[in-house]
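Undergrad: Below is the structure I would like to discuss, written out as structure tokens.
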Amino acid sequence: MSRPSLLLPLCASVSLLGGLTFGYELAVISGALLPLQLDFGLSCSQQELLVGSLLLGALLASLVGGCLIDRYGRKRAILGSNLVLLAGSLSLGLAGSLAWLLLGRSVAGFAISLSSMACCIHVSELAGPRQRGVLVSLYEAGITVGVLLSYALNYALAGAPRGWRHMFGWAAAPALLQSLSLLFLPAGTAGAAARKDLILLQGGEATKLDPGRPRYAFVDLFRARDNMRGRTVVGLGLVLFQQLTGQPNVLAYASTIFRSVGFRGGSSAVLASVGLGAVKVAATLTAMGLVDRAGRRALLLAGCALMALSVSGLGLVSFAVPLRSGPACLAVPNATRLSGLPGDPSLPRGLAPPLPPTTDQSPGRPVLSTSARTGPPPGAEDPTALSLTPPGGLSTASEHALLHWTALVCMMVFTSAFSIGFGPVTWLVLSEIYPVEIRGRAFAFCNSFNWAANLFISISFLDLIGAIGLSWTFLLYGLTAVFGLGFIYLFVPETKGQSLADIDQQFQKRWFPLSFGHRQSSAGIQYSRIEVSAAS
């Protein structure tokens, strides 16, 4: 098999293994936190710090990673991040104190955040218009598979002596395999074009970097030059609406909803973790098959609309279905774990009862426990716990069951809608809309807002519930999704079937080009534009 014919599977493996590493590292704490608590005697605040330390490293990477990616190249950034991940895994596997655990988690967070940005950019630049959507979306699929793999290994190693050391250590395996695949890939489009490596992926049109292209500074992201300000509006809008629709927090009540329809104890834990994970995998694979056919805009619009309907339905149902909420770190033993292992009836994750870490997140999406506060002592009534039952109650048991199953359907639809739209497509669009000279810094800038928004949503969730109630919180998320739908319709362009150079040229010509519903020509998609006066 010739070198060019290997490029497609190599790109696919780099994307898939990068996502698998990201998802595994996010979710592995779910099974490791309980034995860590027992071995080190961790308090609630220490467990929260351990969980959140990954976020600190990821935030740092999003602030400085863009400069590293643009200066040293995408391939070197990925290889370097994998070396950093190995160091973090070694620190975690050999840790003898909380300080070493915090250091290892922070280093691992830095590594997976840097790798996620560089991987999406590198694959999008090597792939042509016909394969770019599928190959970049493979990263999101890898995340969901990595989460499920971590659950399986957590379960297998739960009874092993010092099993948590092995849980952390296995994160190095997909990183090493990804590094091996990278060694056979070109460093970038310039070198690939010189050796004709891009012919297979680009459909016979290798992309060469023009040395006379303009240079961009970071401040250009906020200027009108080449419509950089418009691109930044698109990028920031997508990552902010991705988080502000409340996807991580809505899923925190998945276990509650599973129990409400009759699945209790171990079966509830298995369904909440593996069942929803399988739904996310299936939805992500569906998105991969449609992203280069239906287009980015179509998936974003459909996914956001379904999210608005389903989370609003969940809010309406919760007016009648009693769903209790509130921190229970002290009320239940070991209740600050991100998730229970299959067979654990409590499934705590800062909220009672919660869901294990889930991939809302795609490349820069963090998992952070929302129980920054400690709960009441055992037996005490939690003042933040809510029992949402209307004054008259429900008339019959059948109505009760119907509403419970309606809540379950809304949860499944919400999970699938996110995995079809915001989950994979946000990062694909971000890897396409910026010029190559500033793509790394721009991607990292938007990614930093993604992590910051996730942190804000997480720490404000319990306060929001206490202020307006769980039902109105869900309805607020639904309203936010409606605004997100309007933003996508007005401002996000269709980029399917276009080369990166064509997308760049289209953005330079007009503000907020729209091409939804228009046929593509062989020369690229022609945009249907909204005219905006210079004064605006």
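Just so you know, the numbers here start at 1 and follow the chain as drawn.
Cβ coordinates come from backbone N, Cα and C, glycine included.
Automatic, uncurated: that is what TrEMBL annotation is.
As listed in TrEMBL for this protein:
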DOMAIN    11-496  domain 'Major facilitator superfamily (MFS) profile'
TRANSMEM  49-69  transmembrane segment
TRANSMEM  81-101  transmembrane segment
TRANSMEM  107-127  transmembrane segment
TRANSMEM  134-155  transmembrane segment
TRANSMEM  167-187  transmembrane segment
TRANSMEM  233-258  transmembrane segment
TRANSMEM  270-291  transmembrane segment
TRANSMEM  298-321  transmembrane segment
REGION    341-389  region 'Disordered'
COMPBIAS  358-373  compositional bias 'Polar residues'
TRANSMEM  402-430  transmembrane segment
TRANSMEM  442-462  transmembrane segment
TRANSMEM  474-492  transmembrane segment
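How about a rundown of where these features are and what they're close to?
TA: Within the chain, the transmembrane segment (49-69) has long-range Cβ neighbours (under 8 A, six or more residues past its boundaries) at 25-26, 29, 33, 36, 42, 77, 80, 98, 101-102, 105-114, 117-118, 121, 336, 338, 364, 366-369, 439-445, 447-448, 450-452, 454-455.
Within its own chain, the transmembrane segment (81-101) has Cβ neighbours under 8 Å at 21, 25, 36, 40, 42, 46, 50, 53, 107-108, 110-112, 114-115, 118, 165-166, 168-169, 171-172, 175-176, 178-179, counting only residues six or more beyond its boundaries.
Listed by sequence, the residues of this chain that lie at least six past the ends of the transmembrane segment (167-187) yet keep a Cβ under 8 A from its Cβ atoms are 3, 6-7, 10-11, 13-14, 17-18, 20-21, 24-25, 28, 31-32, 73-76, 78-79, 82, 85-86, 89, 92-93, 104, 108, 115, 122, 126, 146, 150, 153-154, 157, 195, 197-198.
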Undergrad: Can you tell me which recorded stretch out of 107-127, 134-155, 474-492 has the most Cβ pairs within less than 8 Å of the transmembrane segment (402-430)?
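TA: Ranking 107-127, 134-155, 474-492 by Cβ pairs under 8 Å to the transmembrane segment (402-430) puts 134-155 first.
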Undergrad: Do at least three C-beta pairs under 8 angstroms join the transmembrane segment (298-321) to the transmembrane segment (474-492), pairs 6 or more apart in sequence?
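TA: Per Cβ check, the transmembrane segment (298-321) touches the transmembrane segment (474-492).
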Undergrad: Counting only residues 6 or more past its boundaries, what in the same chain has a CB within less than 8 Å of a CB in the transmembrane segment (474-492)?
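TA: For the transmembrane segment (474-492), the far contacts come to 230, 233-234, 237-238, 241, 244-246, 249-250, 296-297, 300-301, 304-305, 307-309, 311-312, 314-316, 318, 429, 464, 468, 512, 514, 516, 530.
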